[in-house]
């Protein structure tokens, strides 16, 4: 090895002990020690378990996170993941090797090794999903994004945040002192994690003014909420510049988690906040159980979400608004979003053509469970009949109508969000529709493209469970998606101009506007990337006599009446504000 390379490694803090290569950087608190790993023959620095907040235990439970300010002089070992935040674990489940603990607010960093002195990197912060009731940064294996990190020279960061009752409990028992943070502790954890990135990422070679947030499912909702919160307009609170949201959107959220809060308090037999604070976390997770969407961010009782997200989005993207908006907003969804919900909560109708399926009332009840915020009454008269067994008598599997409805929830809400984002003069808005099915041991073939499948293509790796294999054609599609993601992260543009990507290999991805054009990601044949852009209205085929956009209009009308909010007039927005 030449002398100058040895000096470069020493400057980067890279050294070997018994075949394990370590690397060291200095953050605000002191030096930290990570490991040097290799992905596709290229080195990447990996740091796991860096504290960014005080443990939210005892009197810090159900309060805004407190920055971790302790200093140290000897290198802190950051080579292993820390425990997951408290969440329900089903009986008989294999225990987490790293455990579960309330002391869970840590972040993880994957950083390329500089190839020349002074090389710096844009940053992508991953926010995990899990319906706000479960999950952690490494569940999907965010280290899988290491291919994106080394091939596109991007730093990947992923932090934990409180979920379930610990992240979104909003009972009045907590008292008025919690009004600033009540019901959004998990979102404030995300925000403190972003502040840590802003303040420390330069130590890893990152650009503190070049940060993109990317989330899926509850993470996709989270990145939208982070983009529309009024906290962005306070001094020192511009924490990111670009947003990528997969299978998540800004919509209506509960004013409080009344039923979940009351049920939890009753099960815990607590009538005072002192009782709630004194309980072991295991008592709380056991009382919550596996409830789907039982706890969510709340609105109107905290400073993070003083109003409904969809209203905050409409105000923020008004062309006359001077408030913060991201440089670019990318938002998309998969072809079979409802697969996950059907598989987990209605397995009797999942893969059995002989079950009775979903008559109208059962469909309304099921859709209420799936959406979290809408009651069965909301769905019964206008919406459930469009997807019930009586209406869809020609389907092979009774669950197909349910999956179609959840698909529409995702598609219609994505469309509504994009109509707002495209009117902002300062934001480049782009949307995608993902329609390529990886191999999976979990879902049968008729469910095709499941919730989260697009993330595996961006990572260009499977996790071995939900996704077991990507073909060469599918990996080529992943490479194409990487070109777009890289361009958005680097330049807030989906017209790639950097040297590492070849423009001739990818089709143009227009901004969302009057024609409502989206990118259709599908693997077709060898060496093919996405198809050319398509109109939003042509994405999903017609079900019976109802065209897709007609169903969106019905959903929007019923929604406006139910919540007493203005109905969206897409034509007005698209004609007046198109780009």
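Keep in mind that glycine also has a Cβ here, set from the backbone N, Cα and C atoms.
Feature annotation from Swiss-Prot assigns signal peptide to 1-19.
Its Cβ placed at the centre, residue 77 (N-linked glycosylation site) has 13 other Cβ atoms within 10 Å. Secondary structure at residue 77 (N-linked glycosylation site), taken from DSSP and collapsed to helix, strand or coil, is strand. Feature annotation from Swiss-Prot assigns N-linked glycosylation site to 77 (among others); the stated evidence is sequence analysis.
Other Cβ atoms within 10 Å of the Cβ of residue 144 (N-linked glycosylation site) number 20 in total over all chains. The N-linked glycosylation site feature in Swiss-Prot is assigned to 144 (among others); the stated evidence is sequence analysis.
Annotated active site, acyl-ester intermediate per Swiss-Prot: 217, in sequence order, evidence recorded as sequence analysis. Of all Cβ atoms in the protein chains displayed, 24 besides its own lie within 10 Å of the Cβ of residue 217 (active site, acyl-ester intermediate).
The N-linked glycosylation site annotation in Swiss-Prot covers 257 (among others) and is backed by sequence analysis.
Among the features that Swiss-Prot reports, N-linked glycosylation site is placed at 269 (among others), with the record citing sequence analysis. Residue 269 (N-linked glycosylation site) falls outside any helix or strand according to DSSP and counts as coil. The Cβ neighbour count for residue 269 (N-linked glycosylation site), using a 10 Å radius over every protein chain in view, is 10.
Per Swiss-Prot, the feature N-linked glycosylation site maps to 283 (among others); the stated evidence is sequence analysis. DSSP gives residue 283 (N-linked glycosylation site) a helix state. Remark: residue 283 (N-linked glycosylation site) has 268 as non-local neighbours, by Cβ distance under 8 Å and separation of at least 6 in sequence.
Swiss-Prot lists 337 (among others) with the feature active site, charge relay system, giving similarity to another entry as the kind of evidence.
Annotated N-linked glycosylation site per Swiss-Prot: 373 (among others), in sequence order, evidence recorded as sequence analysis.
Under the heading N-linked glycosylation site, Swiss-Prot lists 394 (among others).
Among the features that Swiss-Prot reports, active site, charge relay system is placed at 451 (among others), with the record citing similarity to another entry. Every protein chain considered, the tally of other Cβ atoms within 10 Å of the Cβ of residue 451 (active site, charge relay system) stands at 26.
DSSP classifies residue 469 (N-linked glycosylation site) as strand under the three-state reduction. Annotation for residue 469 (N-linked glycosylation site): same-chain Cβ neighbours under 8 Å, separated by at least 6 residues, are 438, 439, 462. According to Swiss-Prot, the feature N-linked glycosylation site maps to 469 (among others), an assignment based on sequence analysis.
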Around the Cβ of residue 337 (active site, charge relay system), the count of other Cβ atoms that are within 10 Å: 27
Cα-nearest neighbour of residue 451 (active site, charge relay system) within the listed recorded positions, 77, 144, 269, 337: 337
Cα-nearest neighbour of residue 337 (active site, charge relay system) within the listed glycosylation sites, 77, 144, 269: 144
Cα-Cα distance linking residue 217 (active site, acyl-ester intermediate) and residue 144 (N-linked glycosylation site), given in Å to the nearest integer: 18
Mapped DSSP class for residue 337 (active site, charge relay system), helix or strand or coil: coil
Rounded Cα-Cα span from residue 217 (active site, acyl-ester intermediate) to residue 269 (N-linked glycosylation site), Å: 33
